[in-house]
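**Student:** My questions will all concern the structure given below.
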Amino acid sequence: MTNFYKVCLAVFILVCCNISHAAVSFIGSTENDVGPSQGSYSSTHAMDNLPFVYNTGYNIGYQNANVWRISGGFCVGLDGKVDLPVVGSLDGQSIYGLTEEVGLLIWMGDTNYSRGTAMSGNSWENVFSGWCVGNYVSTQGLSVHVRPVILKRNSSAQYSVQKTSIGSIRMRPYNGSSAGSVQTTVNFSLNPFTLNDTVTSCRLLTPSAVNVSLAAISAGQLPSSGDEVVAGTTSLKLQCDAGVTVWATLTDATTPSNRSDILTLTGASTATGVGLRIYKNTDSTPLKFGPDSPVKGNENQWQLSTGTETSPSVRLYVKYVNTGEGINPGTVNGISTFTFSYQ
């Protein structure tokens, strides 16, 4: 009987000592700085190539592989949240505002920058799906990295950004794991930095105001609706910095909301039933009118040159067009403005 109790006691002790419990402890810092102190970054881009993302050649960020110590089957993922205002988007990713001129793209995630999640909006989102540690001790880390973005059209300038709170990452236990009273959230601030921003553009060589004398014609030269006759021609010439692609938009000065391809005649015109169309070079399709804006992707914006041309030019042809309302002879006047976008 005595030996039986000794055997049972030995087995009980063996089973007891193999039992392990999921555990977590915080070994990081609750406040963390992103990027080097007083960083300085320089880049050159076309004036209207906006938003322009600075590619510094290295990550402006913070990473730490040892923020939480975990063991015994503990399961952990990560959520992230950005507190800065959303001022735009790029390829589905939010651009967050720092100043009127400078914004940020932000990634959050596990320790490796390459696995970071592109952040959008201001809600908590899953930035690392997670894993479960085995019956051993390991750590869970995190990372944050950013890229500065130029937001507005401007001349070459230097922009200084002060230290700014970005947002937070929190540890997310799952699969029955619990953090208890352990610190789960860490915060991030972007260190102050300077952007040395150099922009490239073009200079207009032709006068900024161009008067095109329209030829006199007879109504018989435009017998049917849609018929056209060349009325006049002119050219625009520019001198550009290397690498600049020029785009242009025509705007109807009399009716700025006009998005058609027929220019509205001014109130000084006395002819009716006739309009004006503008063609470039040898194109067979007339140009349409758009908003007076240099923004990339502006409605009815068209490409004037490629980035390899430093002295681009365009030949413009103005044509009378029968609008189908019955032509009454008289004077014809129209005003169109040109807005160049340097991309």
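All positions are counted from 1 along the displayed chain.
Any Cβ shown, glycine's included, is placed from N, Cα and C.
Per Swiss-Prot, carbohydrate binding site is recorded for Ala65, Asn66, Asp110, Thr111, Ser138, Thr139, Gln140, Gly141. The compositional bias 'Polar residues' annotation in Swiss-Prot covers 298-307. Residues annotated as disulfide bond in Swiss-Prot: Cys75-Cys132. Residues or ranges marked as region 'Receptor-binding lectin domain' by Swiss-Prot: 23-199. Taken from Swiss-Prot, the feature region 'Fimbrillin-binding domain' applies to 200-343. Sequence annotations record features per position, and here Swiss-Prot assigns region 'Disordered' to 287-307. The signal peptide annotation in Swiss-Prot covers 1-22 and rests on similarity to another entry.
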**Student:** By a Cβ-Cβ criterion of under 8 Å, what residues six or more beyond either terminus of the region 'Disordered' (287-307) are in contact with it?
**Tutor:** 47-50, 153, 236, 238, 240, 242-252, 256, 258-261, 263, 277-280, 314, 336-337, 339-343
**Student:** Over all pairs within Ala65, Asn66, Asp110, Thr111, Ser138, Thr139, Gln140, Gly141, the annotated carbohydrate binders, what is the largest Cα to Cα distance, rounded to whole Å?
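**Tutor:** Site span for carbohydrate, by Cα atoms: 14 Å.
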**Student:** Rounded to an integer, what is the Cα-Cα distance in Å between Ala65 (carbohydrate binding site) and Cys132 (disulfide bond)?
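**Tutor:** Cα-Cα, rounded: 16 Å.
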**Student:** Work out, from DSSP, the number of helix, strand and coil residues along the region 'Fimbrillin-binding domain' (200-343).
**Tutor:** 3 helix, 56 strand, 85 coil
**Student:** Using the alpha carbons only, what distance in Å do you get between Thr111 (carbohydrate binding site) and Cys132 (disulfide bond) once rounded?
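**Tutor:** Cα-Cα distance, Thr111 (carbohydrate binding site) to Cys132 (disulfide bond): 16 Å.
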**Student:** What count of other C-beta atoms do you get within 10 angstroms of the C-beta of Thr139 (carbohydrate binding site), across all chains shown?
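**Tutor:** Thr139 (carbohydrate binding site): 17 neighbouring Cβ atoms within 10 Å.
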**Student:** Going by DSSP, is Cys132 (disulfide bond) sitting in a helix, a strand, or coil?
**Tutor:** strand
**Student:** Excluding Ala65, Asn66, Asp110, Thr111, Ser138, Thr139, Gln140, Gly141 themselves, which residues in that chain have a Cβ inside 8 Å of the centre of the Cβ atoms defining the carbohydrate site?
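**Tutor:** The answer, listed by sequence position, is Asn64, Val67, Trp68, Leu142.
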**Student:** List the same-chain residues at least 6 positions away in sequence whose Cβ sits under 8 Å from the Cβ of Ser138 (carbohydrate binding site), in sequence order, or say none.
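**Tutor:** Long-range Cβ contacts: Arg69, Ile70, Ser71.
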**Student:** Can you grab the distance from Asn66 (carbohydrate binding site) over to Cys75 (disulfide bond)? Cα atoms, rounded to a whole Å.
**Tutor:** 16
**Student:** Once near-sequence residues are set aside, which residues in the chain of Gln140 (carbohydrate binding site), 6 or more away, have Cβ atoms under 8 Å from its Cβ?
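**Tutor:** Expected: Val67, Trp68, Ile70, Val76, Leu78, Met171.
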